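Peer 1: Structure in structure tokens, see below.
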């Protein structure tokens, strides 16, 4: 008998709880093993013997029309790291569309696709057979030129180094991974070593069998500490029980200051028009200045607001009045998004943007199953022999929880050099383009050089805290 966050299943198999977050929960280990690698960011592939129990080789795919016009890879960037970032963007848009389809058009949405992808990449370390194949396909890891699944982990380490070890500290972007394993279980040493070296996921033994509720509280407290208290109570009651073997958690925290701040004196109450035709009053921020902007297909406006340091930006996608945001969501593709971003040019703008705070919490299980990740969640079909020492095939993921938070105000964003242009009053805006986000819009927070989508969401009702 195992209980998960959704229901109860009768089976002889053991469960792993998966908690993406901004977080995720999965596996575990009992003893910690030191690796000779001193710094993963300067290591070479030969320095990190990634030898999981199973390796999947992606089949060769025929070139399709249009291939060969690839973007120029940024300088000093590993090609495979660039491809991994693109794979994450493909997964982000696909997962977002599945999630949006399951929600009401008036619901806010916010998530970190990078957090979800990272946590399931860690799961992939112990996967075999069709379970491994589905993980490679659903998360688009099979699009990376390096065709063997074991090398993905090395490229994830390099991607994390690019994102989280920046010399510029004007924005705060922090990620943390942790394994919480049942203290009675002995876990595969290779799995432990790779998890710690590549993902920085150290083991903390807990007593799931003897005190499941205290274990749940301990994990939730760790998550809260790593997100500055912004993410709490991710794991719901009864999600962990005596059948839980391991929980893997990934957290991402971002806090950034606008490169060009909004003056609080310019913030006024204005109406925001929701998808159902109703309106509500919201503090609307305002400023005039030069920003990267483009009006694209069917009048959709795309605006990029940089944070200090210019390496991380917020992208807003605002449909014209006559076009529902749901239509933009359904039509959006990774290539379309990349094309829009490439076309942005510096434009003198009048920006109206709501002051808002949104929080979202959901299970990712149903969406991932719809995308083809079925075996991992099946007690009968799951194959995760590379996690425990004895190579058992009785483990599966019972559920996967995700919780994310975003706050945007005059100073910047919390989720995260040129002259500041701020007008102390509202002018007549002659010869200026107006970007007025007084209706539902999409929001992305991305790392610019690699175009890595860190966060993604929909602001449908900023009046709800």
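Every residue, even glycine, has its Cβ placed from backbone N, Cα and C.
The heparin binding site annotation in Swiss-Prot covers 82, 162, 178. Annotation comment: Swiss-Prot describes 41-161, 54-128, 280-463 as disulfide bond, evidence class similarity to another entry. Positions annotated as N-linked glycosylation site by Swiss-Prot, on the basis of sequence analysis: 129, 168, 188, 225. Summarising the annotation, Swiss-Prot assigns phosphothreonine to 64. Sequence annotations record features per position, and here Swiss-Prot assigns phosphoserine to 69. Look at Swiss-Prot and you will find 1-32 tagged as signal peptide, backed by similarity to another entry.
Map these features onto the structure and tell me what's around them.
Peer 2: Secondary structure at residue 82 (heparin binding site), taken from DSSP and collapsed to helix, strand or coil, is helix.
Note on residue 161 (disulfide bond): other Cβ atoms within 10 Å of its Cβ, all shown chains, come to 16. Taken residue by residue with DSSP, residue 161 (disulfide bond) is part of a helix.
Secondary structure from DSSP puts residue 128 (disulfide bond) in coil.
In this structure, residue 280 (disulfide bond) is part of a beta strand by DSSP. Sequence-distant contacts of residue 280 (disulfide bond), defined by Cβ-Cβ distance under 8 angstroms and a gap of at least six in the same chain, are 271, 272, 274, 461, 463.
Neighbours of residue 129 (N-linked glycosylation site), defined as other CB atoms within 10 A of its CB across all chains, total 16.
Over all protein chains present, the Cβ of residue 188 (N-linked glycosylation site) has 22 other Cβ atoms lying within 10 Å. Classification of residue 188 (N-linked glycosylation site) by DSSP places it in coil, neither helical nor stranded.
Look at residue 225 (N-linked glycosylation site): DSSP puts it in a helix. Around residue 225 (N-linked glycosylation site), a 10 Å sphere centred on its CB holds 12 further CB atoms from the protein chains shown.
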Peer 1: By CA distance, which of the recorded positions (82, 178, 188) lies nearest to residue 161 (disulfide bond)?
Peer 2: 82
Peer 1: Taking the Cα atoms as reference points, how far is residue 129 (N-linked glycosylation site) from residue 162 (heparin binding site) in Å?
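Peer 2: Here the two Cα atoms lie 31 Å apart.
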Peer 1: Specify the count of other C-beta atoms within 10 Å of the C-beta of residue 463 (disulfide bond).
Peer 2: 15
Peer 1: I'd like the Cβ neighbour count for residue 178 (heparin binding site), meaning other Cβ atoms within 10 Å of its Cβ, all protein chains included.
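Peer 2: Residue 178 (heparin binding site) is surrounded by 23 other Cβ atoms within 10 Å.
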Peer 1: Take the C-alpha atoms of residue 178 (heparin binding site) and residue 225 (N-linked glycosylation site) and report the distance between them in angstrom, rounded.
Peer 2: 13
Peer 1: Residue 188 (N-linked glycosylation site): which of the recorded positions 41, 54, 82, 162, 225 is the nearest Cα neighbour?
Peer 2: 54
Peer 1: If you measure residue 225 (N-linked glycosylation site) to residue 54 (disulfide bond) at Cα, how many Å is it?
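Peer 2: Approximately 35 Å lies between the Cα of residue 225 (N-linked glycosylation site) and that of residue 54 (disulfide bond).
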